[in-house]
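Per TrEMBL, the features are as follows:
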type: BINDING; residues: Lys124, Gln187, Gly219, Asp250, Lys393; note: UTP binding site
type: BINDING; residues: His220; note: substrate binding site
Amino acid sequence: MCVDLYRNSPNAGMAEFQEKLRLQHENSMLTELEKLLTTAKPSEAEISRKDFEGFKKLFHRFLQEKGPSVDWAKIQRPPEGSIQPYEKIKLKGLPADVASSLNKLAVVKLNGGLGTSMGCKGPKSLISVRNENTFLDLTVQQIEHLNKSYNADVPLVLMNSFNTDEDTKKILQKYTHHRVKIHTFNQSRYPRINKESLLPVATTMGLTGENEEAWYPPGHGDIYTSFYNSGLLDKLIAEGKEYIFVSNIDNLGATVDLHILNHLMSQPSDKRCEFVMEVTDKTRADVKGGTLTQFDGKLRLLEIAQVPKAHVDEFKSVTKFKIFNTNNLWISLPAIKRLHEKNAMDMEIIVNPKTLDGGLNVIQLETAVGAAMKSFDNALGINVPRSRFLPVKTSSDLLLVMSNLYSMNAGSLTMSPKREFPTTPHVKLGSSFTKVRDFLKRFESIPDMLELDHLTVSGDVTFGKQVTLKCPCNTYLLHVTFTISKCIIAYNPKPSPPPNQNHKSTCS
């Protein structure tokens, strides 16, 4: 049966039939899940059962809910003061005893993703991005620097997936002597669903052979359940931790900000913000990013998937919705515990369609961590500088962070003061650069990009040593495009260091 027909039949007379069908699908799913559990290894059975409890709730809601769209008429602009400018937060300054605040913080990095989109095997966090440092190396360096500078004890927590856990744990041995306590926990493992039958694709709990594509990690919204189930949430609370700073591990701008932390810790205990979302100003490249709105009296994250089709263009408007979610979040640990135990964590379901290698159409039921914002008390948005959003999703992003646009100190990247433009260049590398291995072969050294605005490269292009890329007259309008030969190539007497040709990441 087609999922769309099943969920969105307009005929009211079909209500009773649909309800019976829903029950049938739900009972069939429960039966199949019990069968799968019988194939689990004894050591994994309890974890798998807990995972399935979360999946059952999500599947039940999927069958009940009619669709992702919100009532557009109820969407309102966030009220005055609900999104604070970072400059106002920063004006408060810092307390004399920064360590006391830091000691109540843990840093959580979302580490469930693979590097396949960049042609790499294994966890994305193990790709080298700057001077042979991986995403994980830079994260450890940042937190170690905090702990040493302020004599603090900020732990690093990695939320792995079944795809990244084993490889990540092997690498963690190298940080044994660093001044950072590192904890890990795994997000849940859910079965992919056959789009027609609404039954699991998996035949056993195994991850190999015919079941290799049968499982998925259900989005970063799973952090609340898996964090609680791991026992780590209670452990950190017992150690006196009050907040976690959550971000994607591939966002190199997501460092611990002491001003935001001080803002949280300086509030009266009964008026503490339980959830802070860092947002930043939209550009044309960010029009699909989630934004903050007021809905039913609550500050709420609105994603493009929830917007009725008739209003998508309005949602993309940079003039009406001026900010977007960076996925840098500050969340109260006691609040997570309270909401989870009351089953009060409200997150919209993301229905993610996929086609497996054999051509089978499946769906994944996911949630986003920011969607729970409306469940927390005194939620707040902070409009931060763009520098706190520096994701590396493609080789084009990688070129930027490897270049002389940035300098690195204690694992943190900062824009070079020599760059006159307030923003980073817009870089678009062609398909020949997609894989990191191929990308590295096409640069004898990373070009000087301090005076570059736009760069588009297509076709079979290789960069020589000591190349400078810049726009004539420093104009913002000219696209430097190799296919039409409108670039200036000059020799730089102080070239950027060459990329590491012996790349030690998991790139194939």
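Note: Cβ is positioned from N, Cα and C throughout, glycine not excepted.
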Gln187 (UTP binding site) CB neighbourhood, other CB atoms within 10 A: 29
For Lys393 (UTP binding site), what is the tally of other C-beta atoms lying within 10 angstroms of its C-beta? 14
Tally every other Cβ atom lying within 10 Å of the Cβ atom of the residue listed as 'substrate binding site'. 25
Just to verify a number: CA distance, Lys124 (UTP binding site) to the residue listed as 'substrate binding site', in angstrom, no decimals. 15
For the binding-site residues Lys124, Gly219, Asp250, the one whose C-beta sees the most other C-beta atoms within 10 angstroms: Lys124
Cα distance, His220 (substrate binding site) to Gln187 (UTP binding site), nearest Å? 8
If one measures from the C-alpha of Asp250 (UTP binding site) to the C-alpha of His220 (substrate binding site), what distance in angstrom results, rounded to a whole number? 14
